[in-house]
Amino acid sequence: MGKSVVVLGAQWGDEGKGKIVDLLTDRAKYVVRYQGGHNAGHTLIINGEKTVLRLIPSGILRANVTCLIGNGVVLSPSALMQEMGELESRGINVRERLLISEACPLILPYHVAMDHAREAALGKKAIGTTGRGIGPAYEDKVARRGLRVGDLFDKEQFAEKLKNILDYYNFQLVNYYKVEAVDYQKTLDDVMAVADIITGMVADIGAILNTARKNGDNILFEGAQGAMLDIDHGTYPYVTSSNTTAGGVATGSGLGPRNIDYVLGIIKAYCTRVGGGPFTTELFDEVGQEIARKGNEFGAVTGRPRRCGWFDAVAIRRAIQVNSITGFCMTKLDVLDGFDEVKICVGYKLPNGEVVDYAPLAAKDWEGVEPVYETMPGWKENTFRVTDVDQLPVNCLNYIKRIEEVTGVPVAILSTGPDRVETMILQDPFTA
C-alpha cells in the first residue's frame, strides 16, 4: 500500500527541505507543491552540481517522478518560464512531467509592484518579504478578484479581467504610494506569450492524487518556508501569506487530510531566521557569526544573511502540535562541530519572571522573552559527510538524544552534508 508523506520545515524556513525531498523522491511517484510560490528556494546538490528550485517541485530531477503544483500555490508565469528554461537547457523534460492546477492564482507584475511599494512605505517596520508579490496575490485570491491559471483558457475574457484589476492596483500605486503605474499592454502581452504553454500542463490535481491513493502509489508533499512562518500559526505579522503547516496539504492539493500517513519535520541542528520578527535564541556574538559562516547562511532566493541562534525546543513544540509531526530530519549537524559547548532552549522566561514551555502566538507577545538554556558539552570530531550513525561522536549523539527527549519526536533522518548521499536514514517515512 502506498504512503503519503509530507516534508515541511518545522522552524522559520531554510531548513534544507529541498535536499530531503530529492532524497525521498526515489520512493515516490508524485511530488506535490501545495502552498507558497517562487519565494521558496530549495537548494539541491547532486554529484557536486547545484540546482536551486523556487516553484517547480524538487522531484523534477528524478526522471520517473511526476510533479504537481496544487491550487494552494500562487504561480508566477515569468518565474515558471525562467525555471523551466533553466531545467530544459540541462536536458530535463519539464513539460511532460509537470502538471498544474487551474485553480492556482497568478502572480503578475502589479502584485510585485505592490509588494515593493508596501515594504518601502513600512520602512524600519517592514515585514521582510521576498518582494515577489506573494502576499498581494493571496490577497486577491481571498478577495475573489484574482486571476487564476484557468482564466488563461479564455484570452479575451482574461484581457478584460486584467484591465479591471490593473485599474484597481494602479490607482493605489500612483495615488497612495506615489510610484509608477504598471503597464497594461506589456503585462497582457507577456502573459499571452506563455499562456498556451501553461494551459498545456493544466490537470485536475485533486483527482490525480485521489486516484494515486487508490492505486497504492507513494506521494510526497513538498512544503515551502517553515511552520513558524504560517499565516495563522506563525509569529504574526512576521509571517508568510500561506498555510505552511500540514493542514495546508489538504486545502492546497485536494487530497483529504485522512490520507496523510507521515509528517516529516525538517529541523536544523540550530535555528535561523531571515527578515524581521521575534527570534528568542538569536546570537549576536562570535558564536552566532561562526554558525553563520560555517553554515553558509544566506537565503537561496534573496541572498540575504540569515540570523542564527541555538536550537529552540520551545518553538519546535508548537510546530509539533500544529503539524502532528511524526519524525524529524535534522540537517546541518556538522555546522556544530568544534564548539566547546552547545545549547538547547527548553523554556522561555517571561518579563514577569515566569518560565513557560510554550511559544507565544503573536509577535508582540515575544517582547522581553528570554531563553532558558540547557548547556551540553560539544564535540571536536568532524561529522561532515559521516554516513554511519555509529561513527558520530558520543557528545553529538547525546545532543540528538536530548532534542528527542525534550520534543518527544524521534530523529528519523540525519543530514551531514549538502549532497543527497550525505544522509543517514534511521526511519524511512515511506515504510515506517
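Positions of Cβ are set from backbone N, Cα and C atoms, glycine also.
These come from Swiss-Prot:
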- ASP14: active site, proton acceptor (ACT_SITE)
- HIS42: active site, proton donor (ACT_SITE)
- 13-19, 41-43, ARG306, 332-334, 415-417: GTP binding site (BINDING)
- ASP14, GLY41: Mg(2+) binding site (BINDING)
- ASP14, GLU15, GLY16, LYS17, ASN39, ALA40, GLY41, HIS42, THR130, ARG144, GLN225, THR240, ARG304: IMP binding site (BINDING)
- ALA300, VAL301, THR302, GLY303, ARG304, PRO305, ARG306: substrate binding site (BINDING)
Rounded to the nearest Å - Cα separation of PRO305 (substrate binding site) and GLY41 (Mg(2+) binding site): 14
Closest of GLY13, GLY41, THR130 to ARG306 (substrate binding site), Cα positions, binding-site residues only: GLY13
Entries of THR130, ARG304, LEU333 which, being binding-site residues, have CA atoms within 10 angstroms of GLY41 (Mg(2+) binding site): none
Rounded to the nearest Å - Cα separation of LYS19 (GTP binding site) and GLN225 (IMP binding site): 14
THR416 (GTP binding site) to ASP14 (active site, proton acceptor) - Cα separation in whole Å: 16
Protein Cβ atoms within 10 Å of ASN39 (IMP binding site), excluding its own: 27
Spatial neighbour of ASP14 (active site, proton acceptor) that is closest, considering only the binding-site residues THR43, THR130, GLN225, LEU333 and their CA atoms: GLN225
